[in-house]
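Novice: Sharing a structure with you now.
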Amino acid sequence: MIAPLDLLRYWRASLADGQLPSLPSKVPMRDAEWNSICSGRVSPEVARTLVGDWRASGSATAKGNRTGDKGDPVSVPVLIAPLVFIARHQHGSFGRKSDKPYAPLIVPAQMASDGRLTFDPAKHLPWLWRGALEPTAATEPPLGSLDDFDAFRSSVPRPEDSAWGRLIEYTEALCKAVTGSALADVTIDGYDRGPAMLVAAFPPSSPSKNLITLADALDADGENLPPTFVSACRSGPMRPQLDGSARWEASTRHYGQMGADFPLADRQRDAVHHLCFSQNGDVLPVNGPPGTGKTTLIQSIIATMLVDAALAGGEPPVIVVTSTNNQAVTNVIDSFAKVKVPAHRQNDPLEGRWLPGVTSFALYLPAASKEVDEDKYQVARLPDYGEPLSGMPADMLQSDAVDKAEAAFLAAAETAFGREFGSVVDAGAELGRRLAANAARLKEIVSLAGGLVSQRAARPDHDAASFAPWVEAEIAAAEDRIATHAQAIASARAEADSAREKWKTTDAAAGRGLEELFPSGDVWGVLLGWLLGFLPSVRAGRWERCRRIVREAGFEDGPFASVQVPTDLDALRQHLDDALAALRQRAEAAERRAGDIEREAGGSASTIRAQMDALKAEAQAWLAAEQQWASVADELCSAAAGIEALKEISRSDLIARPDCAERVLDVTLRHDLFLLASHYWEARWLHAARALMKNASDPVTAISKKTRRWTEKRWRLMAYLTPCFVSTLFMLPKHLQFYDPAGDNKNPPLTDFVDLLIVDEAGQVPAEIGGIGLALGRKALVVGDIHQIEPVWSVGAHIDDGNLRRYGLLDHADTLDEAGSRASNGSLMKVARNASAFVGMEATDPGIFLTEHRRCLAPIVAICNDLVYANRLIPCTEEPPNRFFLPLGWAHIRSPSGRRGGSRFNAGEAEAIAEWLGRCRGEIEKEYKKPIHELVGIVTPFSAQKGEIRMALERHGLDDRLTVGTVHALQGAEREIVIFSPVHTAEDGGQPFFDRGTNMVNVAVSRARHSFLVFGDMRVFDNSRAAKTVPSGVLAQHLFVQPEYEITDVISRPDFVAEGPTSEIDRLKNLEPHRKALREAFEHATSRILVVSPYLSIDAVSRDGVEKLIEAARSRKVGVTIAFDRDLNMKYGYLNPNCAEAMRVLARAGAEVLERDRIHNKTLAVDDSWIVEGSFNWLSAVRDPNHRYARAEYSFRYQGPKAAEFIKDAWCEIEG
C-alpha cells in the first residue's frame, strides 16, 4: 500500500519541478546585446539601469542582497531573455492582445553593479515558459514540446562549474533540443526577432507556490493528515450506491433547490442523495459530460446544505467551488447569475435577496493582482500584508450599510408575512419556524411517496383497492387450513406423545427391574459379571428372572426370547442399547410428522393468525396511504399550476407514479425552503454584524485579524450571505491561512475546515494540484469528465519517473497510473474516481454518472456516445425548427499543411473556412438572431492554425471576437455551430494528432449545440471497420452516413484560387455549368479522362448520357478512368443497387471503373490541359434542380501553367 505521506512528498516535488513561469509582467525589460551577455558582462549603462530598476522595485534590501557604501546593491538578480519576439502589427497573429515582447526562454543569473554576470549551477538553470511548450492552452505560438524539454532536463547534466561559458553552452543546447534550431536561428512567423533583454528580478514565483506551502505544512504534521486527503491517496473500500429505500431516506434530506424553472434530472438527484449520505473524509466524484447539468447540480447541493444548516441552527456552511483556472470558477458564478425568477413567481416576496448590496450567493476570491469586474462579480479581497478585508463583505459592514440593510430586511419580511416585526431577531425566528414547518411537510410528502412506491413494488399484482379483498380471502383460506389440519396435527401430536411415553416408560421399568437384581451402581456391568462368575444352575435361574423383568419392560425379541443363557455378553448389551434407541427414534419421528403437518398448514394457528393480522394491517395502511396520497396529489397539482416545466405532470401521473412528486417538490417546496433559509441567514448576518459593531469601533479592522479564531469567524460571517466561495486552487491555500505566533509555522492553513470542497472541471486539474488541495475540505465533491479537456501537465515522464524513484514509489508506478495519481498523466478526476466513496453496479463506474444531455442534438451526441460514453448519454434536446444546417457536415479541402515553430498550420483550410463563413454569415445571423461571434466557434488541434484562421477571418471582414483556438478556447462554452479544422492531410502520413486520444475530438464535438462541421482533408477520416476505434474513424462513421452531410458551397481547392489570374480560373456554380463541363471533357479530350466521383448513381449516368459519351471517347482512343468509393456506396452491408447498375453500364461502355478507399475529392481531369475540383459528385448528383436533395454546388476549373502538375497529382492519388 502507498503511504499517503509518500504520495504527498512526491506530489510536492512534482509541483516544484513543474514551475516554469514567464517573465515578471510588471518589471521593466532592458535591451542588451547578446554577444555582450555571452561574454559575461553587460555595458555599464545597462548595469546602472538594472541596479536602478532593482532599487525601485523595493527588493534591494531583500534577504541575502548586500549593499555597498553608497547603499547600492553589490549584486542584483537578473533574468536574461535570449529569445525575444515582437508581434508584427498584423491582425490575427496567434490571437495576441498585447504588444508586450514574447520572451519564452529565461536564464536566471546574478549581475554585479559593474555589469559582470555570474551564475550558480546549483541554483541557476534556464527554462522555457510552460505556455511555449505543446500541449498548451496559451495564445502565444509554441516553440517545442514539453516532452523534448523534459527529455533534455532529465538527460543533460547541470554545468560542471560556474564558468559563465558553461551556462551559455547549456542554454544553446536546451534551445537546440527543444526548437530544433540554434539560438540565433529561431524564428516565428508573424513575429520579428528583437534584441536580448534583461530584467532585474528574482525568478518569478510559480502559481503553485501556495500549494507547495500547503504541502510543507501537511508534511510537518507527519501522519496526522486530513481525512479527505488520505481518502484521495487510497483506493476504496467503496460503499455500494444507495438502493431504493436509502434513496428515499436521502430524499427526505434533500431540502433545497436554488432555481424554480426546472426540476432536477434523475441522475442529478442521485448525486444530491449520495452527498446527503456522505461522511467527513468522503470523496464523491460526479462524472459530468458537457450539457448534463453540472452547474445546476452544484446549485442544488449548495441550496440543500444552506437549508440543512439553518434547520440545525448552528453556523452556515462554508462551501468552496474551485478549479485550476479563473475561467472555470467564474463560469460557476455566471451560472448563478443565470438563475432567474421564473414567470410564475415574479410576484413572490420571498424571491431575491432582502439586503441591498447582496446580489449573488457566490463570492469571488481572486488573487491580489487579479483585476476583476466588480460590477459583474461580488468580490472579496481577504486580509493580506497588513491590508484589511475589502470588497463586498467589508462594504456591507459599514454603519450606514448595516442600517440600510436592516431597514430593507424588515420591510421585506413584513411584505412577505403580512405583519410587522419588532426586530430582526423576531423576523429571523419567524423564518426559522416556517423553515421547520416546511421541512417537516417535505419529509412527510417524500416519506409517503417513498412508502407507496415500496408498497406497490412489494405487491406488483395488486393495488390498494384489490389488496383488501385479497387479504380477506387469504384470512378465510387460512382459517380453513387451520381447521383442516387441526385434527391431523392433534393425531400426530398424540402419536408422538405416545411414542415418547413408551420410550420413557420402558427405559425406566428396565432400569428398576435390573436394579432390584443388581443393586450396585453399574447395573449392566454387575449383570455381565454375574453371568460370567457363577455356577450354571444359579446362572440359569437368575437369567430367567432377568428375562421376565426385561420382557415385561417391552423387550421380547433377540436374546431375551431364549431360555438359553447367553455367552456373548457384549452383544446382549448392544441389543439393549439398540432397542432403547429405536424407541427414542420412533418418538422423534412422530414429532417430526406433527411439525411437517403444522408447517404445511402455514405454522401454528397463532402464527398464522398473526400473519393474517399483519396482512390486514398492511391493507389498511396501504388504503389509508393511497387516500392520503390522493390529497397530497391535489396539493401538488395546485402548487404546480402555471409552472411551464411541470405542465406535462397531471394528477393521474402523480397518483400512478408518486416519484413524480420529486419534480414538483424541486420547484415548489424545496425552492421555498431555499428562499426561507437564505433570508434566515440574512437575519443571522444582521445580528452578527450588530454584535461586531457593538464590540469594535471598526468592525472591518476587527474582522480582518489573522488569528485562527478571527479567520474562522471571518469565513463564517461571509458565509451568512454568500455560502459559496469561488477561488482557484492556486490561491485557496493562501486564502485559508491564519496567523499563529506560537507555532513553528507562523502562517498555517485551515485544513479540514471547508465543509464542502467542490472541484469543478476536475478532469483538467493535474493530480498533484488537486490532490494536495483536497486537504482543505472536510469532504469533497469532484465534478468533471476524464474524456474532456486534459490537464496541461508541467512535468514530463522522465522527470516524473525520477520523482517516483526519489520517494520509493517507482515500483508502484502502474498502481499510480491506474489511480490517475501521476504528475505526468494523471488528473484529479481520475484520483477521485479511484477514491470514490460509492461505486455503481459496474466496478468501472465509481461515483455518479450524469446521463441526461441537454446541449447537443441527437446525431452529435451519438458521436460522443460511440467515441467514449458507450451509449450512456441520453439526448434530451428537441430538434429546433428551421435550422440553417444539418447536425453534421463536412467539406473536403485539398490544401497542404506546414510547420511553424513547434506547431502545424494549413492556410488553405483557414481560407476555406473564412470564405465560407463570410459568405454564410448573414444567413446564420438571420436564422438565430444573434451576432456571429455568439454562434460560431472554430476549433483546431494546433496553435499555429489558430493564428492562420484569425488572419483569414479578418481578410473576410469577420468579427475578431469569434472564438478560435485549440479545445481550451471553448473551456466551459458552447456554440450553435462548431467548425473543426484538422490541419492534417493524407500526404502528411502517420497518425493525426487528434487520434492520439479521444479527448480532443470529444471536446470539439460536444461543444456544438446544433451543428458540428469538419473542414479539411477528409481522406484523413477512414470509415472502414478497422478504423472505427480511433477518433477519426468514429467521426467518419457518422459524417459519411448520409451524402447530404457534405457541404458543397466551399472552396475545396484554395491552391487553384491562389495560383494565377482569373483568366486561368473559372468558377462553376450549381448544376448546369457542371453538366456542361462533363460533356466538354468527353467531347474534347484527346488522350485520357479521369472522373473521380465518390458516389455513383445510375440516374445521373443515364440523364447525362454518360454511357454514349464514354463510347464516343473510346472510339477516339481516349482512355476513360472512373474512380469511386465502395464504402460510401454500401447500404446495410450490400452495394447500393443504383451504384451496382451504374458500374455495370460504365464498364460496358468501355470505362475502367476503379474502387478506392477514402475518396472525397470530386475531380474531372482532361488530358494535361485542365482540371476541375469542387463539391459536385460528377456521376451521382441529382440532375433535377428542384429535387429536395439538389444543393448549391461549387467547383473551380483550372487551366493555367500548373494544370499538368495538378492533374499528375490527381492521377497519382488514384493509381497509387
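Cβ atoms are placed via backbone N, Cα and C, with glycine included.
Just so you know, TrEMBL annotations never went through curation; they're auto-generated.
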Novice: Which residue range, 209-236, 573-600, 741-768, 937-964, is the one TrEMBL calls coiled coil?
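Specialist: Coiled coil, as annotated by TrEMBL, spans 573-600.
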Novice: Which range is it, out of 419-446, 475-502, 867-894, that shows up in TrEMBL as coiled coil?
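Specialist: Comparing 419-446, 475-502, 867-894 with TrEMBL, coiled coil matches 475-502.
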Novice: Would you report the average pLDDT that the model assigns to the domain 'DNA2/NAM7 helicase-like C-terminal' (846-1018)?
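Specialist: Taking every residue in the domain 'DNA2/NAM7 helicase-like C-terminal' (846-1018) and averaging pLDDT yields 90.
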Novice: Quick check on the domain 'DNA2/NAM7 helicase helicase' (264-338): DSSP residue counts for helix, strand, coil, in that order please.
Specialist: 42 helix, 10 strand, 23 coil
Novice: Could you give the number of helix, strand and coil residues in the domain 'Phospholipase D-like' (1079-1178) as assigned by DSSP?
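Specialist: Per-class counts: 38 helix, 31 strand, 31 coil.
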